[in-house]
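Grabbed the feature section from TrEMBL, which reads as follows:
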type	residues	note
DOMAIN	40-289	domain 'Nucleoside phosphorylase'
BINDING	Arg80, Arg124, Ile125, Gly126, Thr127	phosphate binding site
BINDING	Gln203, Arg205	substrate binding site
Amino acid sequence: RENFIHLCNPHLEKMREDILYHFALGTGTHDFPALFGDVKFVCVGGSPSRMKAFIAYIAEELGLGSPGCDYPNICAGTDRYAMYKVGPVLSVSHGMGIPSISIMLHELIKLLYHAKCSNITIIRIGTSGGIGLEPGSVVITRQSVDATFKPQLEQVVLGKTVIRSTNLDEQLAKELMQCSKEIGQFNTVIGNTMCTLDFYEGQGRLDGAICLYDEEEKLQYLKKAYDSGVRNIEMESSVFAAMCNLSGVKAAVVCVTLLNRLEGDQISSSHDVLVEYQQRPQKLVGYFIKKCLGKA
């Protein structure tokens with residue numbers, strides 16, 4: 001069964017041309033079905049360099065590239081986001097925080113719609129702060145929750161508060177968990193992910209420029225988060241889940257933990273260790289894509 005992108009915007013049908021400004025792409029200047037019509041997997045992450053590294057990794061895993069091969073940035077006309085493609089896989093950077101990933105997702109979802117893509121799976125791969133987990137653990141998100149542990153995205157539209165669901169595809173999460181078991185290289189759990197509006201106060205850190213609470217209050221809050229099912233904290237999953245839900249896209253969030261927030265606030269692992277940690281979501285999602293394509 002073909003499952004196409006659902007656009008929740010009737011106004012787009014009336015437009016002669018759709019300019020995806022932050023991608024430097026447009027329906028009047030680019031043939032979207034020819035460029036992107038074969039895409040089945042979209043992986044998004046904060047850093048342009050990380051997403052370029054991912055496309056090189058997946059190209060080699062799928063036998064579609066050679067070591068050292070360069071992959072051009074499809075969005076080279078802008079410095080906002082970077083986009084790379086090999087075979088049925090699209091790799092896109094989204095920057096940091098809800099506003100940045102929201103802008104990217106609006107244009108990415110429209111791109112997939114204009115390209116007439118079907119049966120798309122979108123996975124966010126990234127880093128996070130863990131709660132009660134050893135650094136280097138991978139968390140597959142069950143649902144994204146806000147800073148009060150509610151599974152929702154609260155957004156103001158035309159001056160009115162709109163509440164949107166942040167649940168993610170349960171079956172996809174189970175499939176990714178099974179892939180991690182088959183790989184057997186690192187600890188992986190399914191848990192809730194808390195999505196915050198900033199990196200410091202919003203996540204209860206003690207090391208920001210402003211902090212008006214003490215360590216005991218911080219630990220009480222993080223332990224309350226843990227008891228509610230939260231296993232990691234990041235800054236993009238809520239709007240990612242909400243927008244994928246509204247567009248009828250199967251989606252998952254797979255993040256590695258760089259530290260256990262119950263034990264500290266600053267990331268102290270060496271550069272080499274952090275690089276290896278950051279490769280774990282790539283390995284897991286890469287194996288999942290290979291398995292879906294019958295190449296694992």
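Cβ coordinates are placed from backbone N, Cα and C, and glycine is handled just like the others.
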Let me know the largest Cα to Cα distance in Å among the phosphate-binding residues Arg80, Arg124, Ile125, Gly126, Thr127, as an integer.
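Answer in Å: the longest Cα-Cα distance is 20.
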Rounded to an integer, what is the Cα-Cα distance in Å between Gly126 (phosphate binding site) and Arg205 (substrate binding site)?
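Counting only the Cα atoms, the answer is 20 Å.
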What count of other C-beta atoms do you get within 10 angstroms of the C-beta of Gly126 (phosphate binding site), across all chains shown?
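Gly126 (phosphate binding site) is surrounded by 23 other Cβ atoms within 10 Å.
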Between Arg80 (phosphate binding site) and Gln203 (substrate binding site), find the distance joining the two CA atoms and give it rounded to the nearest Å.
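Each residue's Cα considered, Arg80 (phosphate binding site) and Gln203 (substrate binding site) end up 26 Å apart.
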Could you state the CA-to-CA distance between Ile125 (phosphate binding site) and Gln203 (substrate binding site) to the nearest Å?
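Just about 20 Å between their Cα atoms.
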Can you give me the Cα-Cα distance between Gln203 (substrate binding site) and Thr127 (phosphate binding site) in Å, rounded to a whole number?
14
Distance check, please: Cα of Thr127 (phosphate binding site) against Cα of Arg205 (substrate binding site), rounded to an integer number of angstrom.
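With the alpha carbons as reference points, the distance is 17 Å.
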